[in-house]
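Peer 1: Quick one: the structure is below, and I'll ask about it shortly.
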């Protein structure tokens, strides 16, 4: 049994603790679902349990024994594994090589044991029915395969608790059903699951044994499925409304003519006005496809035309575009300060070699304008702090500021308002709308509320086909839901 007693966690940019005297025991083999509004600390709690980040106060006991210096190695030694929210596996290893390293360890100059890996994999498949081409390169896996690979990797012989942080976020309905079956199989095999979600609460009610609710820094446990939604105050009463400015912007400085293929075939043409937000909405499962396209990882036929220049391949640096990716993982390296990261991205973008004091001063001035209500001392403390010191929502805001700072042509945002607390949600909304008065923004999302809040024009797609391309003022939420079968 693992027990977390009076756990307190602070972030320097938030006045009150994100987790305030959390008490949690995990002993039974159940499917636990951790629910709460954006910014309530769900992912923070998951990382503390998995030993990835430190907590400020409290203690952890395993089978009644107090643990000193809880970290990821101690968590794994006690059978606790985390399947991350936004996995970033672009390595050249084959699947069996990755599993061999994860299951059995690896020493330099020692060959990996292929037969041992295949044998353990076949033994696992008796219970979990997850089939893989073990000789396939990891970089060639799709998002569903990557998630299931991470799950298989976590199924070491000592596995007792597996934490899934928004793991079904990019699954189709069919894939989500396969994931739920896996949770049930894990339970039958004696492995408890902690499924962390915000958007799939209604579905989670159907398969979960018990719920852990995070609200206002506190933790509640219940098996009463009827009480879940009443405990969670609806976020609709706190929705921030931005003024949508549907002026007649100057037309077509940036044109996209793209044909590409992943889940479906896409043949799409659209234009970005000189200012404003064009929002593209599509299924959750294929938003990752668009991200791969703009990262240059997906081949396409066609071109992007910016100020009369044709680009027949997508390179964010060549196009001088800002890029805010999905999720909140991988936005900043753990070991660099916010200022260092801004400088590195700026110098790479502008092809600079030597750091000048003027570059640093410009970044500081930019932050002062963006965070005008912060004292100069606090801004400097933020700039020289490492990314691990901040909450996920704050890091996402800083990443948006960074991309705004370097972008020369346009800004691409993938679901920028997801997984944010109310304050960060408001700040990000205002920042994007204000930026769109100067430069164009391409918003790509599966969230209708986010789309309608931020967009001036809307392009709706389903199964690779364009259903409509209209101005925001000419379409309602109800019509979009009907059109997209939401």
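Every residue, even glycine, has its Cβ placed from backbone N, Cα and C.
Swiss-Prot feature annotations, pasted as is:
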DOMAIN    2-241  domain 'ABC transporter 1'
BINDING   36, 37, 38, 39, 40, 41, 42, 43  ATP binding site
DOMAIN    249-486  domain 'ABC transporter 2'
Peer 1: Translate the DSSP assignment of residue 43 (ATP binding site) into the three-state scheme.
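Peer 2: In three-state terms, residue 43 (ATP binding site) counts as helix.
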Peer 1: Determine the Cβ neighbour count for residue 39 (ATP binding site): the number of other Cβ atoms within 10 Å of its Cβ.
Peer 2: 24
Peer 1: Here are the binding-site residues: 37, 42. Which has the lowest count of other Cβ atoms within 10 Å?
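Peer 2: Among the binding-site residues 37, 42, the sparsest Cβ neighbourhood within 10 Å belongs to 37.
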Peer 1: Mind checking which of 38, 43 has the fewest other CB atoms within 10 A of its CB? They're the binding-site residues.
Peer 2: 38
Peer 1: If you skip the near sequence neighbours and keep only those at least six away, which residues in the chain come within under 8 angstroms of residue 40 (ATP binding site), Cβ to Cβ?
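Peer 2: Once residues fewer than 6 apart are set aside, residue 40 (ATP binding site) is near 18, 214, 215, 216, 217, 421.
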Peer 1: Rank the binding-site residues 36, 41 by the number of other Cβ atoms within 10 Å of each Cβ and report the first-ranked residue.
Peer 2: 41
Peer 1: Can you tell me the mean pLDDT for the domain 'ABC transporter 2' (249-486)?
Peer 2: 85
